[in-house]
Each structure stands twice: as structure tokens, then as C-alpha cells.
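Taken from TrEMBL as is:
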type     : residues : note
REGION   : 1-44     : region 'Disordered'
TRANSMEM : 75-95    : transmembrane segment
TRANSMEM : 102-121  : transmembrane segment
DOMAIN   : 102-258  : domain 'Sodium/calcium exchanger membrane region'
TRANSMEM : 133-155  : transmembrane segment
TRANSMEM : 167-187  : transmembrane segment
TRANSMEM : 207-225  : transmembrane segment
TRANSMEM : 237-259  : transmembrane segment
TRANSMEM : 295-319  : transmembrane segment
DOMAIN   : 300-443  : domain 'Sodium/calcium exchanger membrane region'
TRANSMEM : 331-358  : transmembrane segment
TRANSMEM : 364-389  : transmembrane segment
TRANSMEM : 401-418  : transmembrane segment
TRANSMEM : 424-444  : transmembrane segment
């Protein structure tokens with residue numbers, strides 16, 4: 001989930017720690033904000049949630065038991081993806097009793113879908129109690145918790161290629177697949193409406209992505225210019241230094257959005273766009289005004305810890321069985337890491353971005369897609385490099401020539417498409433076609449799938 005959308009949550013929500021959603025909410029306006037601004041509290045994961053029916057639970061005579069049942073109802077059954085939760089125990093059973101490892105991989109992958117969405121939900125619940133600033137900072141670290149956990153566990157097993165493929169795949173998926181699908185389907189559903197968005201959001205994210213591209217390109221170029229007998233230690237040192245630079249840039253990005261966004265106020269909206277937002281407000285105003293915390297803060301923290309531990313368990317299964325799944329299905333590890341893992345693992349967030357595009361709310365769609373890509377490129381990737389350093393493992397930012405080229409071209413295409421602040425279905429179609437070409441490239445690629453540490457490979461100088 002992108003932290004940007006969660007940072008817009010209503011700051012003043014007062015709810016008793018009773019595990020239920022019966023408390024009222026206070027919505028404060030500051031600096032002349034209108035009520036429309038305060039009501040825009042939707043996020044990607046809220047689009048696939050369902051309202052819980054607590055009538056039966058309210059009849060339970062014991063308050064302690066009623067709180068427990070309410071939490072179980074809201075956390076486990078409060079999403080339309082709850083039908084995938086059985087995949088979690090099935091993955092554990094399959095791993096425990098020696099079922100085919102490809103089955104373990106598939107069940108773990110399916111189990112991660114609702115878990116990733118629930119982590120986003122729990123983080124938002126905490127944000128209701130702590131306010132938008134603390135909530136935004138929490139989402140800045142937990143927004144892509146699944147990708148970070150998978151990457152760190154893969155580093156622990158010294159499967160550096162899987163680490164780099166999964167992280168790069170998440171970035172490409174957000175830039176091309178999520179954004180492309182959203183613009184394409186949103187354009188088709190709003191053919192007679194003017195589709196526009198604040199282009200400055202795209203400019204800021206693309207600028208940061210170019211910085212991440214530079215930090216990945218220089219280690220690759222340095223590797224090519226080295227002598228064949230060089231051990232590559234200079235590349236690792238450069239990668240670690242670049243990781244600190246990326247983290248500093250991401251911190252500055254957070255400060256700018258959370259504390260300094262008033263310096264450059266947004267321009268007045270176009271009349272046609274304002275009219276469309278008025279229609280939207282009339283249709284779903286009541287639904288937005290009712291959005292509030294449904295569980296208490298400490299309950300949300302406890303559930304967040306539990307969900308994170310379960311994600312770590314399934315991620316370990318995923319990393320240890322990805323090679324067996326690739327061999328069993330006749331696919332390359334590159335295709336699974338670049339294409340399959342990001343699409344399935346972030347399905348909930350992707351669905352939310354598409355739904356917002358259907359409603360012609362492209363600013364939120366861009367916040368989800370570009371915000372997530374920027375978070376992975378400038379936060380998750382450098383953190384993974386530094387964590388590997390603390391584990392005594394040498395990991396660099398050399399993503400190899402093919403992967404880096406795909407990353408660069410994806411950023412260029414995305415920045416050109418978003419530069420004029422308008423959208424139509426052809427722009428989305430172009431992004432999707434670019435993603436199809438990249439998927440085909442890795443489908444037929446014969447790059448080494450059993451590589452464990454790219455820093456130990458030698459590259460001959462041409």
C-alpha cells in the first residue's frame with residue numbers, strides 16, 4: 001500500500017479501546033480545508049473491504065468475549081479476500097508433511113494476498129488513533145512489508161538474484177501493470193469525461209526514480225569497467241554508499257509530503273473536474289463520512305505483529321521453494337520473480353488502484369502506483385542492502401544489464417505519459433504493452449536461475 005493515501009486519513013478519531021466500531025469520529029479542518037478534503041479518506045485496501053455485521057456478536061453477554069469476537073470478525077472476515085485465508089494453514093500443512101514443493105509455493109503465494117491487504121488495513125487503523133503524521137510514517141515503513149520480508153529472508157539464504165528480481169518486479173509492476181491497467185480501464189469507463197490529475201505528483205516520483213536508477217546503473221557500469229581478476233569489493237562499497245543516499249532522499253521525500261506540502265499549494269481544479277468530484281461526493285458522501293477506526297490501537301498493534309510473523313513464515317516457504325516451482329512449471333526464476341510474484345502478491349493494492357481509476361480519481365491512483373514504486377526503489381532496496389551488510393553478506397546494486405535497462409525504459413515511458421497531467425485509455429494501453437514485452441523477455445530469458453551471490457561472479461571486460 002502506498003503511504004501517501006493513508007497519510008490523508010482523518011487526524012482526530014476518538015474511539016474507545018473496545019474492539020468495536022461504535023465510537024464517533026471527529027473530523028477537524030485546518031487552514032481553510034473544505035469538508036470534501038477531510039472526507040477523502042479512502043485507500044487502496046478500503047476498496048476491497050466489506051462491512052462487518054456485528055448483530056450476533058452484540059448479543060454475547062460477556063464483554064471480554066465480545067471484544068475478541070469483534071476483533072476476529074473485523075480482522076479476518078472484514079475483507080473480500082477472506083476466502084484465501086485457508087491457503088495459510090494449507091501451506092503450513094503442505095510444508096510439514098512433505099507435499100510437492102511447487103504446491104507449497106503456490107499455497108504460500110495465495111496466502112500472502114489477504115495477509116498483505118490486512119497489514120495495510122491494520123496500519124490504517126493505527127493511523128486513525130495516532131493522526132496522519134505518525135500514520136504516514138508507519139505506512140512509509142510498513143507499506144511494502146511483504147516485499148521487504150521476502151527480500152530479507154532471501155538475503156539470509158544468499159539468493160541474491162531472487163532478491164533483486166522480486167524488488168525490481170514490484171517496481172515494474174507498479175509503473176507499468178498497475179498504472180497501465182488503471183489508466184486503460186479508467187479511460188474506457190470515462191470516455192465522455194475529462195480525465196486529469198496533478199502532474200506534479202508524477203514529476204516528483206519520477207525524479208526520485210531517476211535517482212534510484214542512477215544508484216543502480218553506476219555499480220553495473222563499474223563492474224563492466226573492472227579487470228577480470230577484481231573481486232568486486234569496490235562495487236559493494238559504492239552500493240552501500242548509494243543506499244545511504246537513497247534513504248536520505250526518501251526521508252527528505254517524507255518530510256516534504258508530511259510537513260512541507262503547504263509551501264506549494266495545488267492549483268485550482270478545472271471546472272469540469274470539480275463537477276465530476278461533486279457528482280462523486282453526492283453518490284458516496286455518507287459512506288465516506290462513516291469511515292472510522294473499527295478496532296482499538298493496541299488490538300491493531302497486536303494483530304499487526306501476528307500478521308507480520310505469518311507473512312515471514314510464508315515468505316520463507318516462498319523463497320525456499322521458488323526454484324522447485326520454476327522447475328516444476330517449466331518457467332524461469334526470472335519470470336516468476338519479475339512477473340508472477342508482484343502481480344499476485346500485490347493483488348489487493350492493484351485492485352484498489354483500478355477501482356479509483358474507474359471513479360475518475362486518478363490522483364489517488366497515481367499515489368498508489370507511483371508511491372509504492374518509489375517506496376520500494378528508495379527505501380526497501382537500500383534497506384535490504386544495508387541489512388545484508390549487517391549479516392556479513394555482500395550485496396550490491398548491480399541488477400545486471402537486462403534488468404537495469406527494463407527499469408530505465410519503464411521510468412522514461414511512464415514520465416513521458418504523465419507529463420501533461422491528462423489521461424486516456426491509449427496511455428494505459430501503451431504501458432500495458434510495455435509490460436507484456438518485458439514479461440515476454442523474461443519468459444524466454446535463459447539467465448542463470450541458481451545464482452546465489454551476484455557479487456562473486458566475474459565479468460570479463462570487453
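Note that Cβ sites are derived from N, Cα and C of the backbone, with glycine treated the same way.
Mapped onto DSSP helix, strand and coil, the domain 'Sodium/calcium exchanger membrane region' (300-443) counts 121 helix, 1 strand, 22 coil. With a cut-off of 8 Å on Cβ pairs spaced 6 or more residues apart, the transmembrane segment (364-389) and the transmembrane segment (237-259) reach 3 or more such pairs and are scored as touching. For the transmembrane segment (331-358), the partner stretch with the highest count of Cβ pairs under 8 angstroms, out of 75-95, 102-121, 167-187, 237-259, 401-418, is 167-187. Panel annotation: around the transmembrane segment (75-95), residues 45, 48-50, 52, 103-104, 107-108, 110-111, 113-115, 117-118, 121-122, 294-295, 303, 310, 313-314, 317, 348 of the same chain, lying at least six beyond its termini, place a Cβ under 8 Å from a Cβ of the stretch. Outside the transmembrane segment (167-187), and at least 6 residues removed from its termini, the chain residues within Cβ reach (under 8 Å) are 144, 147, 151, 195, 209, 337-339, 341-343, 345-346, 349-350, 353-354, 356-358, 360, 362, 365-366, 368-370, 372-373, 376-377, 380-381, 384, 399, 403, 406-407, 410-411, 413-414, 417, 423-432, 434-435, 438. Sequence-distant residue pairs (6 or more apart) of the transmembrane segment (401-418) and the transmembrane segment (295-319) include fewer than 3 whose Cβ atoms are under 8 Å, leaving the two stretches without contact.
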